[in-house]
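A short worksheet on the structure shown next.
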Amino acid sequence: MKPDAHHVKQFLLRLQDDICQKLSAVDGANFVEDSWRREAGGGGRSRVLRNGGIFEQAGVNFSHVHGDAMPASATAHRPELAGRSFEAMGVSLVVHPHNPYIPTSHANVRFFIAEKPGADPVWWFGGGFDLTPYYGFEEDAVHWHRTARDLCQPFGDDVYPRYKKWCDDYFFLKHRNEQRGIGGLFFDDLNTPDFDHCFDFMQAVGNGYTRAYLPIVERRKAMVWGERERNFQLYRRGRYVEFNLVWDRGTLFGLQTGGRTESILMSMPPLVRWEYDWQPEAGSPEAALSEFIQVRDWI
């Protein structure tokens, strides 16, 4: 089947609505919407929930941008895209809770198509979701990965292990030699066996995010925390910032294509701290995190 960008866009708009509604229902606060236009073509709608009952900041962004030429970040490793017009659309979200016992979560699903007259379109899907805990709970990690495995299962036995490994490899801070979190799923350049199959998988990932995350929020939201836990959360959020600004391809693509900076950087935590050469106390729950986020098979 020929790629149908319109159908993808309609799904993404519904997905943004659905995720925002479910996060609001858990939190009690509402999202504020900010619609924007891109001068070079396209636009989007950014939604942010701030200082809610549970979430310090949750950002759920839809964007649909298009242009006559590809940015350098895309053509560097895809020379066949040179000279093509393009459309890129997606939903991207990051949730930063108040409570340090609730992990930060990130999800993204996207579609890209590049065309030129007289040639077949070049298209693919990408996306995934990943979890960044501050305090490790095995049952949360197992639930997160089991949900990921179950949504992958109808698409083949090899899908979950392949995209889990890709996620572990991608969300890695090379300059720190450590994982960002416990991973989940990451896929990109998905265009086989056909459009319908790939679109179905992208929808499964997008719809699976709240099933993976919200039970963890419910399980941890009543846990009591204090200044110690908060300081550790802010310190670890620094790793999140480092990854997004140094390593994340999506951030680079957005900035190079003249995307909306406020929306691109919506993933940043509202508060964060760095402390020179800080080390957690031996044997403490904070010290246990470095072992907890090591790559492993959770299920």
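We number each residue from 1, going along the chain as drawn.
The backbone N, Cα and C atoms fix where each Cβ goes, and this holds for glycine too.
There are 27 other Cβ atoms within 10 Å of the Cβ belonging to Val109 (substrate binding site). Classification of Val109 (substrate binding site) by DSSP places it within a strand. Sequence annotations record features per position, and here Swiss-Prot assigns substrate binding site to Ser92, Asn108, Val109, Arg110, Gly258, Gly259, Arg260 based on sequence analysis.
Annotated divalent metal cation binding site per Swiss-Prot: His96, His106, His145, His175, in sequence order, evidence recorded as sequence analysis. Sequence-distant contacts of His145 (divalent metal cation binding site), defined as residues of its own chain at least six apart whose C-beta falls under 8 angstroms from its C-beta, comprise Lys164, Ile182, Gly183, Gly184, Trp298, Ile299.
A simple way to gauge crowding: the CB of His106 (divalent metal cation binding site) has 25 other CB atoms within 10 angstroms, across all the protein chains here. Feature annotation from Swiss-Prot assigns active site, proton donor to His106.
The site 'Important for dimerization' feature in Swiss-Prot is assigned to His175. If you take the C-beta of His175 (divalent metal cation binding site) and look for same-chain residues 6 or more apart in sequence within under 8 angstroms, you find Glu242, Val246.
Non-local neighbours of the region 'Important for dimerization' (240-275) in the same chain are 34, 36, 38-40, 44, 46, 48, 50, 56-57, 59, 61, 63, 65, 67, 71-74, 88, 92, 94, 96, 104, 106, 108, 132, 171-176, 180, 231, 234; each lies 6+ residues outside the stretch with a CB under 8 Å from one of its CB atoms. If you look up Swiss-Prot, you'll see 240-275 marked as region 'Important for dimerization', on the strength of sequence analysis.
Listed in sequence order, Ala88, Met89, Gly90, Val91, Ser92, Phe125, Gly126, Gly127 are the same-chain residues at least 6 apart in sequence whose CB falls under 8 Å from the CB of Arg110 (substrate binding site). His106 (divalent metal cation binding site) is 23 Å away from Gly258 (substrate binding site) when you measure Cα to Cα.
For the substrate site, whose binding residues are given in the record as Ser92, Asn108, Val109, Arg110, Gly258, Gly259, Arg260, the maximum C-alpha distance rounds to 20 Å.
Distance from the CA of His96 (divalent metal cation binding site) to the CA of Val109 (substrate binding site) is 19 Å. Each of the binding-site residues Ser92, Asn108 was ranked by the number of other C-beta atoms within 10 Å, and first place falls to Ser92.
Note on the region 'Important for dimerization' (240-275): DSSP counts are 22 helix, 0 strand, 14 coil.
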